[in-house]
Amino acid sequence: MEGGCGSQWKAAGFLFCVMVFASAERPVFTNHFLVELHKDGEEEARQVAAEHGFGVRKLPFAEGLYHFYHNGLAKAKRRRSLHHKRQLERDPRIKMALQQEGFDRKKRGYRDINEIDINMNDPLFTKQWYLFNTGQADGTPGLDLNVAEAWELGYTGKGVTIGIMDDGIDYLHPDLAYNYNADASYDFSSNDPYPYPRYTDDWFNSHGTRCAGEVSAAASNNICGVGVAYNSKVAGIRMLDQPFMTDIIEASSISHMPQLIDIYSASWGPTDNGKTVDGPRELTLQAMADGVNKGRGGKGSIYVWASGDGGSYDDCNCDGYASSMWTISINSAINDGRTALYDESCSSTLASTFSNGRKRNPEAGVATTDLYGNCTLRHSGTSAAAPEAAGVFALALEANLDLTWRDMQHLTVLTSKRNQLHDEVHQWRRNGVGLEFNHLFGYGVLDAGAMVKMAKDWKTVPERFHCVGGSVQNPEKIPPTGKLVLTLKTNACEGKENFVRYLEHVQAVITVNATRRGDLNINMTSPMGTKSILLSRRPRDDDSKVGFDKWPFMTTHTWGEDARGTWTLELGFVGSAPQKGLLKEWTLMLHGTQSAPYIDQVVRDYQSKLAMSKKQELEEELDEAVERSLQSILRKN
């Protein structure tokens, strides 16, 4: 990421850390190779690949790097293909050849055992309660995305393209065909430009088609329902449907056509089994850094991620995609405002939309498109939540195409609402600058009407800086009872070029081991008194060897706060049996702006979070100006 942790890569103007992973399982090797040539050039790469029996694609985010794939090799096996690796390495034109290891990535579509298979031929618009909640399926009237207001203002997603990174989309579907962007689509599983889902008897590969319909299903055509941004274009990026994922396929997907695709929607991630700690590898991190730095003509690609379906047994801060600063992590609520049974909670979630996962009423699910021209009422999971958010962001982009990836995060914080959301476990709290948040729902449910109105007048936020706020490097034991409490006092790099005054994201980069990792609980409190739960108990995680190795736990809960002062880290165990642990490292990474981000913004609603934040910034600037004047007078005397 954009600061120091683990080993570091310098790419696209960003210094970011490579997450370190360890596993006791035997590695799986795929038919994909990362190849670096001494002399960069696509013609030479094609020639080299052809001579060795490989297909080839250039990686757009790095010079000299190519994706070689061999269709004659098994897609996954336990042993390396040393013959092909050595054959490539002996070629004098090749600088490096690395066979890609495979790893698991799972779709986040929750499936209830009592789900009802209903295919509707009639329009489903009246059943799309997440667009207009009138109380359908015993829902709470008014608890929806407020798209009506955005549509009435004339914003329907026109001119915006959303890429669905998934198992493909049925681009022949009559509700999707008109809005399908073929030029921005690709199949990385089959290496061709036709990302159509692979047929299975159980319709397992319907996931991407359902997500696409939520975003871009056409309006007023008497087919299925209506997309959140029904005049937007949708691109299919097929990359999930294979035995194992590889770093090179993830990176290629995330970096695909960043000048054509505005928003990338991902409803997948590491296995949600409550015991996995995993995230993007080196190439994917590099691709994401390149995307936020160079995508959309330098305004930055917008990555929307489903926060996870592991429920109370998991923590989405153990998912390096959902907890990345470069993604907008989205959780879900059901139609009456309660949490879904599969919802994971963590401090990195920015906001929420809607799905199902608690009610047996079939109409409480998400209505959308399905395979082979069909419709469905049963889409669910945070898989359904992320595309809804992508649709809302498309509406905001139509209102203001100059929005950067960071602008979109600021707008999300400022316009999301508590509404009638109810978390039975975690209370709603206010941070040090008065912004209300929840550990599961983030800053609340997206409000499309409020977002497009604010986006119209929005001025790009100031430059972002990164500061290492301090570090604890001496090993400290975590007691079986009680807590290990550590403090770091920081000036947030004040007086230096990278001073951070107004926070956006905060990372606690931690190396720690425990006799049972799942019983470990980590909290961090800011100088302004905001407590973030960085890691909650995961009862299924029995790990006693790997722990966390330079893992960047992230919080958005201190958004807008002053980073200067004393930060407190607390580590303890929650569980029935006594455990022991050792904290080896804690590094505090601060990310934000030097100047006030909202002081120049236009305020239309004087009851809004923007009005409150701007008022506070003006008061703080005045106080600091008075303090500087007093110090100047004292020095003269």
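From the backbone N, Cα and C atoms, a Cβ is placed for every residue, glycine too.
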Member of Cys316, Cys318, Cys375 annotated by Swiss-Prot as disulfide partner of Cys346: Cys316
Recorded disulfide counterpart of Cys375 (Swiss-Prot; options Cys17, Cys211, Cys224): Cys224
Around the Cβ of Cys224 (disulfide bond), the count of other Cβ atoms that are within 10 Å: 29
Asp166 (active site, charge relay system) versus His207 (active site, charge relay system) - Cα distance in angstrom: 7
Cα-Cα distance linking Ser383 (active site, charge relay system) and Cys346 (disulfide bond), given in Å to the nearest integer: 17
Per DSSP, three-state class assigned to Cys346 (disulfide bond): coil
Cβ neighbours of Asn374 (N-linked glycosylation site) where a neighbour is any other Cβ within 10 Å: 17
Which of Cys316, Cys346, Cys375, Cys467, Cys493, all disulfide-bonded residues, has a Cβ with the fewest other Cβ atoms inside 10 Å: Cys493
Largest tally of Cβ atoms lying within 10 Å of a Cβ, found at which of the recorded positions Ser383, Asn513, Asn523: Ser383
Secondary structure composition of the domain 'P/Homo B' (460-596) [DSSP: H/G/I, E/B, coil]: 3 helix, 75 strand, 59 coil
